[in-house]
Amino acid sequence: MPWRLLSRSILLSLGPPRRPYTPPSPCRAPLRPALQPFHSRSFSSVPDRLAPPSLPPAMAYLSKADAAAIDAELMGPGGFSLDQLMELAGLSVACSLAAEYPAATHPRVLVLAGPGNNGGDGLVAARHLRHFGYEVAVAYPRPTQRPPFQGLVTQLRRAGARLVPVEDLGPDAHAWPADVVLDGLFGFSFRGPLRPPFDALVAALAAGAGAAARATGAGDAVLRPCPALVSIDVPSGWDVEAGDEVGDGLRPDMLVSLTAPKGCAAHFAGAHHYLGGRFLTPDLAARYGLAVLPPFPGTQQCLRLGGAAAAATRGGLSGSAHGGGTAGSAPAPAPAPPTTAPPHADLPGMRQSYTAGTLEESDAPADPLALFQRWFGDARAHPGVAEPNAMVLSTLGAGSAPSARVVLLKGLDSRGFAFFTNYASRKGTELDANPAAALTFFWEPLQRQVRVEGLARRLPAAESEAYFNSRPRGSQLGAWASRQSAPVAGNGRAALDERMAELEGQYADEREPVPYPEHWGGFVLEPHALEFWQGRPSRLHDRLVYERRGGEEGGWTLTRLQP
């Protein structure tokens, strides 16, 4: 969304109310049926999944000139700064995307950011989506070397988003590692032909993402489904007012208009049309004929205007235009039939290139625990690693049957790696019977893992009791309430909650300490081998393994393994 300061003469011309803008009729080049204007199209000739939305009878649109004039006034007399406008716009884009493509079903988002302010909106949206729990990758081929854009890139890195070279994406968008592609390449100020690498990106999107790709059967419906395509304000390559003039451009599944729909939005036939960017003051809305737009509901940052898909019920999200228009508009067509592809059919294509770092022998000290301390410190400092001390503990049961679970590292010294558990639990009894065990740490944002093998033994009772006394009171009572790994008798979860309530009543006086349970305590795994793994491109990873030497001299040997 480009906010350009216009000349003083333009600012002075913003005066009396303007006649509402009417989108132009279709251009001379024939449009595909799904991109024809709504009033001239027969619904029966369009598949349900591409059927156009029913527009509110009083829908308002902005021309390119009026959109630029509003931005100029916002950044002049309106008192907004560029970064404020981008922050509000990007937040509304992220909220709109999350409303239709939640992280539970569409966890991977690829953001394509262009060199202008529309790209800045995309960068802000990427940061918010990362905080919303998405796996976010950003392709930013021509980064803008000035604030606030440089700061946004820094924020993305610290939030754990991946910046990917555009060359790594390849020419087939349906093969990109994404469930949703966010198109933030160009906004309404773009003019002229597309140049490399943006021409290839837009061509890949047109062929392999969004409604157009699904309508033409691009990709494999089972192994490589096409990602959903969300465009910010103006689909890249479209004319701001006439839409897709040639007829072979993007057909996004979702359009997020900012401030107000631009003229091209009248040609949008995707499933979801949202409005974001709560910038307008009443005087601006009246002057530009935008007062007919529905108000934003409550504190929401986005508003559903319509779209081909029937609006789903989302508590607190639906405004007066949610679900396909204001009162009096025709109902939206039925949603597309469910896909026949099995769940998670895109698993074969889920991959990423590991480029976060390297591991050389010169980086490896003589003591592997010193290297672990360094890597653990890096993981603790990374904002994308929520629990750096989470580790998979693998043990051996009867008949050498393996079992694994995630536990937390609670101590590290020259003896090894300490953790705590109920000694009567499955892992506790297995370790008592067979002390051979392994630990695995995986720090995904750093593209690192550490494997530890060794023998586990119980910590001295005094150390276990000291740690128990440092735990939160609720955790102390939980150690008494749960017979870990034993079946829950009686009425299921309620029986466990009842036992916890009894203990809370018994130890209601917090001045009275909770006694240490002898069935609970710690183990320390004394390592005899540690492998440090650093992800590298083309799966040629760095793997350095330390193995403890036998004999009186002790120490460690260091070996590089094939990846």
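Including glycine, each Cβ sits where the backbone N, Cα and C put it.
Just so you know, TrEMBL annotations are computer predictions that nobody has curated.
Note that the coordinates shown come from a computational prediction; the quantities given were computed from them, not determined experimentally.
Features reported for this protein in TrEMBL:
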DOMAIN    62-292  domain 'YjeF N-terminal'
BINDING   N117, N118, G119, G120, D121, G187, F188, S189, F190, R191, G192, P193, D233  (6S)-NADPHX binding site
BINDING   N118, D183, S236  K(+) binding site
REGION    314-351  region 'Disordered'
COMPBIAS  316-327  compositional bias 'Gly residues'
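The shortest Cα-Cα distance between S236 (K(+) binding site) and any of the binding-site residues N117, G119, D121 is the one to G119. Mean pLDDT for the domain 'YjeF N-terminal' (62-292) in the predicted structure: 87. Taking the mean position of the Cβ atoms of N118, D183, S236 as the K(+) site, the remaining same-chain residues with a Cβ inside 8 Å of that point are L112, G114, G119, G122, G184, L185, F186, G187, S231, I232, D233, V234, P235.
Here the binding-site residues are D121, D183; the one with the fewest Cβ atoms within 10 Å of its Cβ is D183. Calculated from their C-alpha atoms, the gap between G119 ((6S)-NADPHX binding site) and D183 (K(+) binding site) amounts to 9 Å.
For N117 ((6S)-NADPHX binding site) paired with D183 (K(+) binding site), the C-alpha to C-alpha distance reads 13 Å. G119 ((6S)-NADPHX binding site) counts 29 other C-beta atoms within 10 Å of its own C-beta, drawing on all protein chains shown.
Using a 10 Å Cβ-Cβ cutoff, D233 ((6S)-NADPHX binding site) registers 29 neighbours. Around the Cβ of N118 (K(+) binding site), a 10 Å sphere holds 27 further Cβ atoms from the protein chains shown. The CA atom of N118 (K(+) binding site) is located 8 Å away from the CA atom of D233 ((6S)-NADPHX binding site).
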